[in-house]
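As recorded in Swiss-Prot, the features of this protein are as follows:
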BINDING   Asn52, Asp97, Phe146, Arg386  ATP binding site
REGION    235-257  region 'Disordered'
COMPBIAS  244-254  compositional bias 'Acidic residues'
MOTIF     686-690  motif 'TPR repeat-binding'
Amino acid sequence: MSSNQEPLVEGKIKDKHSETHGFEVDVNQMMDTMIKSVYSSKELFLRELVSNSSDACDKLKALYFQLREKGCVLDPVTSLGIEIIPNKDNRTLTIKDNGIGMTKPDLMNFIGTIASSGTKKFREEMKEKGNSADASNLIGQFGLGFYSSYLVAERVDLITKHPSDEALVWTSTGRDVYTIEEYDGEPFAHGTSLVLYIKEGEEEFLDPKRISEIVKKYSLFVFYPIYTYVEKEIEEPEEKKDEEKEDEKVEEETAEPRVEEVREKRLKKVTEREQINVEKPLWKRNIKEVPEEELKSFYKTVSGDWDDFLAVDFWHIEGLLSIELLMFIPKRARFDMFNKNKKNNNIKLYCKNVFVTDDFGDAIPEWMSFVSGVVASDDIPMNISREMIQGTNVMKLVKKTLPQKIFEMIGKLALDAEKYKTFYKEFGNCLKMAIGEASEGQQDGYAKCLRYFTTKSGEEAISLDTYVERMAPNQKQIYVITGLSKEQVKSNPALDAFQKYEVIYMHEVMDEVMLRGLKKYKGHTIQRITSEGVELPEDEASNEEVVKSFEEFCKKVKDILSSKVEKVTVNPRLVSVPAVISTTKYSLSGTMENIMKSQPVTEANPFAAMTAVSKKIFEMNPNHQLVKNLKALFDSNEIEKMNRILEVFFETVLIHNGFVLSDPKGFCANVFDFLCSEEVRCEEPVEEVQ
């Protein structure tokens, strides 16, 4: 645009001769584009058509007494239902209901007019009459669900009858025309039968097993019963001839044993009607009044677990949206619970009893992968295909609320000691993951669910609250020891200096992960006894002279060990062990060093290998004879001899403290050389063996 050209402003230009035109529509192209682009999967057609049938039944139910007063002949409300009838011979799939049916204007306005929703209009009419509760369960809203038929059908016949009108047949191939004619088949009171003529290549939708699978996935909790027809083989009873009956009568009279001839079983094929959606939406009921067996059956259906659940709870949440949460904790962990490649789909979202998604993204944290259940709402804003949620309010509400509710559930479970033992054995690591990721404000509430064995707990694991209650006078820290097995932590030489105090055993990888986030509990610092920063209640002034007397010796040991250690000191609190290895305050712990070194990426990456090394503190026991001997060598300036002993001593202490040696072959060579040295040589000469 040139600098002197005036911009076009709305309303600036008026043309007295302007013409108004309607948009022209290429119906064939639009239908094809709409059908293929709206739905991500062809199987969704069945969800849409079942939902339409459910709405039709709801409408009849809402208008039942009005229609009766008008003299309409109606099926009993209790008989309302949906049938899905596959016919492989005719290549047809029929979805049939005995709901409200449609009049000719309905067919033209809502089937013949794209994106015009009869259900939406019905809902609005009921709301105007003050009967919105009667329409609260209606699913449809966009007026497009019917056209999903053409995902799998080349032609659709819609046979329908409104209670106050004649039966009609609507037919179309999904192109630019449709026909409506009177139905002259078998009479029926009301309802709709949708006959789909299945396309080539879509035969899977004629398989009763596939039909059942799709219905269970999307429409399992639709209020009305959904039936399909299944072909089965049953044993055909064999009619006995008169002479055989006579023989049996004679044998009964003689009562003599006889050998019966084994006859080949004759099987015949029969077609039986089976209900697919046996389970009911339990979140619509008071969970305390639901029988245990019904809850167990529901749990197995939504979770896919073969065993019963350990705990169940229900919450109704009111916020920007109204949602129900029905959650279950299983008895045992799935073998693939922490498999990063497997999507966590144990919690499912339902809107008006129809499945929407099991993908909550980051709204459901990884640690909750053991929980199964349902998030349900009747007022979730949906996108046009009803596969995704519009906006973020639902996910925000789930993300904020659900983890807190699960920990409430776990807290209730902890009141039953035996059940909680089962839970903690299976899912304790999930709790630790949650605590490590939680904010500081949440951590205390979550961490009270932890249970640990300690140096003084005996056979019963205790909570952190119990530990704090039992802390020594003036003890400010919670003492913990970490490792990779029970045996390793129980035998760690660092415990030698803590015989007066209770120390918590943490022997799982997830403990290390948790401690990276959990620094305090109820104001008490959580302190590894193998890390720098330990504060003991006792007065350490009496040890100052001992420490001072070893200062020069410690400097020399540091010079000899060089980069292998960050610091060398003496620890007068040690009792029976000659030395321990601890780590500096902000370094990796010894356990984390071992974990990182065991990872394949560390072996292949020199930089990763370099960072997977903790900064070590060599703490020697000044009262141990071995340390006294080394100091005596230092004092007498026998440095070479001291070096040789110190090298073996240090690496032995590393092993004793659970570290993995970087050069085990070199260590063995040093030990063998030491064993052959003068220090351990026999005084009497040994005769050479011939």
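Glycine is no exception: its Cβ is also placed from the backbone N, Cα and C atoms.
Owing to the predicted nature of the structure, the values given are computational and were not obtained by experimental measurement.
Locations of recorded Swiss-Prot features on the structure.
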residue: Asn52; record: ATP binding site; Cβ neighbours (10 Å): 23
residue: Asp97; record: ATP binding site; Cβ neighbours (10 Å): 27
residue: Phe146; record: ATP binding site; Cβ neighbours (10 Å): 20
Can you tell me whether DSSP puts Asp97 (ATP binding site) in helix, strand or coil?
strand
